[in-house]
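Written out below as structure tokens is the structure these notes cover.
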Amino acid sequence: MYRIKNVMIGVTSGAMDAILGLFAIRRVIVDERNAKNASNIMKRIFECIVLNGCVFLCSILLFNYVILGCLHSFIQFIFGSQDGVVSMTWFWLEPTLSYFFSVFWVLPLFLLSRVVNALWFQDIADNAFRGRHQNMRNIPVIIADTLFSLLTQILFLIQSMVVEFIPIPLLGQMASLFHISLLYSLYSFEYKWFNMGWELHRRLHFIENNWTYFLGFGLPLAFVTYVIPNYLLSGAIFSIFFPLFIISANEARPRVDAG
């Protein structure tokens with residue numbers, strides 16, 4: 001009973017830090033000693049919203065629900081009551097248009113946004129970090145740490161996809177959400193810990209020992225993206241909100257006795 005209570009306290013504490021951190025963003029920006037840092041944070045957050053929300057997300061929704069819908073209505077208007085012709089025309093036209101839209105717009109923009117987002121996320125984290133930057137020992141250590149961190153994240157992401165196929169109702173989905181929540185917490189805190197000079201083994205060890213807190217911290221963002229079945233739309237939503245979680249992670253004081 002004590003164990004369950006401790007788990008609930010840890011999860012709640014993490015979730016509260018994540019959510020309350022979002023509301024503390026204005027205070028963080030106002031309290032920034034360096035006005036240039038505050039300006040850069042606001043600029044990058046705005047750019048993330050414009051790129052991922054206004055350009056990427058809205059273009060997909062506009063194409064799928066407005067352009068295709070209007071085109072389908074236009075075809076119905078042209079052919080009138082010839083339902084067979086309408087169905088046959090739309091049968092090949094809709095996937096063809098969707099294919100070209102995906103290849104020549106969605107995919108290039110998606111790849112570009114991944115690179116740009118990574119740079120902007122790092123810039124936000126560096127400007128929001130309040131402590132003194134601690135460099136790792138040397139360049140080879142930094143490169144090895146970064147590559148191993150990327151490999152760890154990929155393996156963890158694959159694991160979250162695999163456990164979703166557990167043939168027990170809801171268990172697979174809950175296990176996948178559990179993994180994604182921890183992964184998003186690692187994403188959020190890794191910028192801060194890297195600036196503090198923490199190497200990967202220390203970062204992973206800290207999450208492992210306090211997993212209930214980090215489960216709760218990553219849960220809000222994980223849930224929002226998990227309920228969206230479309231991978232591209234889910235990725236756009238993640239990129240819109242993730243900068244806010246980076247700031248929340250910088251403000252958070254993890255509950256070290258939660259696990």
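Please read every residue number as a count from 1 along the shown chain.
Cβ atoms are placed via backbone N, Cα and C, with glycine included.
For 46-79, 99-120, 141-162, 168-189, 210-228, 234-252, the entry in TrEMBL reads transmembrane segment.
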The transmembrane segment (99-120) touching the transmembrane segment (141-162) per 3+ Cβ pairs under 8 Å rule: no
Selected stretch (most C-beta pairs under 8 A with the transmembrane segment (99-120)) from 46-79, 168-189, 234-252: 46-79
Close approaches to the transmembrane segment (168-189) from elsewhere in its chain (Cβ under 8 angstroms; 6 or more beyond its ends): 14, 153, 156-157, 159-161, 203-204, 207, 211, 214-219, 221-223, 225-226, 242, 245-246, 248-249, 252, 254
